[in-house]
């Protein structure tokens, strides 16, 4: 795998540049396929049945979404004669393309591949799938934002936030919990793209930083289930503290970075008179808050009791955090003052 890492990073960089510089349907579809194929070696990097199963599920799901995209774009070219993504005037074809891109992102009801794929990957490889891989479909939705049906997008976002919260309540595997967290966070990111696309980019940026911090700290602690977190604070207190901060940031509690996009999203939805959407998203976020607090409680607020079967270490190896984790953790922090300034700037741009 180290031999192919430069090729993988170069291909991902090229596809990202295509997404950011092109508005043609065919070029963006080619970039989507390249980014899909280049992630497969990251998923199946081990000769393990779980990794092979994860890569197979990922490939079949992405291939289905790509087929829907090229089908709708072909019909759009036949009817309009244009290959530009901003000129999709047919509402039905636009809705099909939107749903296909939501399949690639992994929102409900197309979310089944996300937890199974993440469960078969390493935490470092999961960062690429949960952040960089979502950039392409997100850019395409950004370009299509004036044409998107808000009713469809709000319904998918509410379902994603609610279902991800419910499924995470009874989950004990850390990687699947991170996957459900990603689904809920992307629901908050996309619910406002119709009215404030720039706010979607801000939310995705903060989400990428925070979820990367969480996955890197989990890999440093070598934890796979909630029960393993009971000894994490004894083995690496600083890393456990960074994990606690990133989890609270993902939950959206102030004054951490995750509070900012949720606050601005609710404010924008209320301004657009989508009050019921804002209220439902807030209620659904309480479900996610429960399993975030459960992870936080197990990682930094408990000691293993004497009645459990958890083996306590006699010699505790000291684990030092690296510069990447520290930098991302500092970026995941913000103050209420910074959030207030950002909110004021957003309102000023609206006027």
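Even glycines carry a Cβ here, placed using N, Cα and C.
Unlike curated records, TrEMBL annotations are generated automatically.
Which of 130-149, 150-169 counts as transmembrane segment depends on TrEMBL, and there it is 150-169. Between the stretches 174-193, 274-293, TrEMBL puts its transmembrane segment entry on 274-293. When the ranges 238-254, 255-271, 306-322 are checked against TrEMBL, the one recorded as transmembrane segment is 238-254.
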